[in-house]
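Working notes for the structure below.
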Amino acid sequence: MANFFPLSQTQRPGGTIQQTPPPPGLAFGLPNNMNGYGHHGSQSTLGGLAGLAGNNTTSPGAGSAQAPPPNLPAYQERLETFQRVDQQRNEFIRELITNYQDMSRKYNEALDDLHSEQQSRRNLQQEMRELKDSMELTKGVNSRLIDANPFAFVVIDGDGAIFNDELLSRGADGGTEAAHRLNRGIRNHLNATYTDAHVEDWRIMVQLVLNMEGLARKLFACKIIDDVEVLYQFGVGFSRSQHLFSFVDVGQGKERADHKVREMFTFMARMPQCKHLYFGPCHDNGYLPFLEPILRDRDMQARTTLFEATPAEPGYRMFSRVTFENVFRSENLPARPQMGFMANTVTSVAAIAIRRGSELAATNNSNSNISTNNTNNTNNTNMATAVDPSTASNSPPPPKNATPNPSSWAAMSKGAGTGKTIDIAPAKKPPRKYMLLNKDYERLDEQLPPQQSQYQKKFADRIKDKNCCNNFHLKGYCSNGDGCNFQHGERLSAGEQIVLRHKARSIKCNSGSWCEDFDCPYGHRCKFGGKDCGHDDCRFFDTHHVDSRANVKKYEDGTYEQV
């Protein structure tokens, strides 16, 4: 609300009144025409005051003047407007201050991060320089090591690559000569392949993997060697003549040799010191899927040469191959020799007896004293007990103090005066234990007699509380004795044993196809024949490839009979 101040009047000379305005600043709220001197003198000024005063304003000479009523709502509204503006201004200033503080904090954080990153980068650059120096040093060391120990590796499947007959027949001397010839042939091939390298500094490593017993039998049957021990002597000479040459016997089973050949080749192929590889399975198409990646790898293809003894199968002809004709046979062994190894068993059995430390020869000799009245024995003598006249001298003579067979006529005549009753009936020999083998000498399971329902019920009642011990009831003994976790007690009857044998046959033998236990009650191959098995989780999955056709019987004394 504005304050109004009366103008002071001053008498001028001549009777004129002069009005003096209020001091500056005291005229706030007055109209513009009252904030100074009017152009029309005192009349204009007084006129303006009269306009503010309204109709109630009287002239100075008429009496006292009345103040105008204040316009409070307008002033209150203007005050509130000023207050709102002030509040908005204060809020804006506070917002600016807050934003500034936040930006200042972020800036400091970013500055700290920048300093940290700079330090990290310097540390990383230092580490990279040190690592680079270390790598250069390691590279130099590795280069020296690789160059210092280069070698060529040769792996041969010995079941398909057969040495020359002349070398095999010489035993240890032939093995030594074969190793020298093979070493010389490989060295010549390397010199022709790597003309710019110092091949004379490369060492040659040879691994010949085979089933020694199976190959020895076949070589003996083919009359290439006169005793199965000759091949063992050959292997000794082969390995002894060259320090890195090995004659590796993996036993019976094709998959055993194949697996070892593949793994040895894969292992050596990854070694940088191995400059060249020779792979020798060209007789078997089963290796082709394994070798296919080599054709897609130029480096491996340049480093690999296939070893060819007999003519390579068509699938191998796209690979680089090498042949050593003065070391290996160029023809396969006959599939069925004219004289099978069964026809001359005395020599083969004697050789096996030497390796196993048995007294088989003496046992065969003592068993030859059989009564001539036993027509079944004389007429049904099988191939396994036949004696070749050319080798009969190999059997040792009977001991001087040996007791004659009491069932012979000579024994009865000597004891005729003793007054004792003599049973002249020939003693029945217990059946000889045997196992069935296929052409690869893998064990097969003989068919069991069928189960009978009455014995199945008895067996089920017997095992209600505890399962029966397979060894005790089927073999007649248990090494665990009273500590066995399975049921012993009274042995099962013959019919119940058949039920137990069927159950035990469904359990896979830990030795698989190479089990040597003639009394083993467990299974050795899939009873469905492999390809006809519809079980995805078959316990005998790894035997599905086994040939189920029986080829020979192997007896407990070590002799064989062809089926």
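Placement of Cβ uses the backbone N, Cα and C atoms for every residue, glycine included.
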Zinc finger per TrEMBL - which of 405-433, 463-491, 521-549:
463-491
Outside the domain 'C3H1-type' (463-491), six or more residues from its ends: residues with CB under 8 Å to it:
497, 500-501, 504, 519, 521-522
Looking only at the domain 'C3H1-type' (463-491), what is the mean pLDDT?
90
Helix, strand and coil totals (DSSP H, G, I; E, B; other) for the zinc finger (463-491):
9 helix, 2 strand, 18 coil
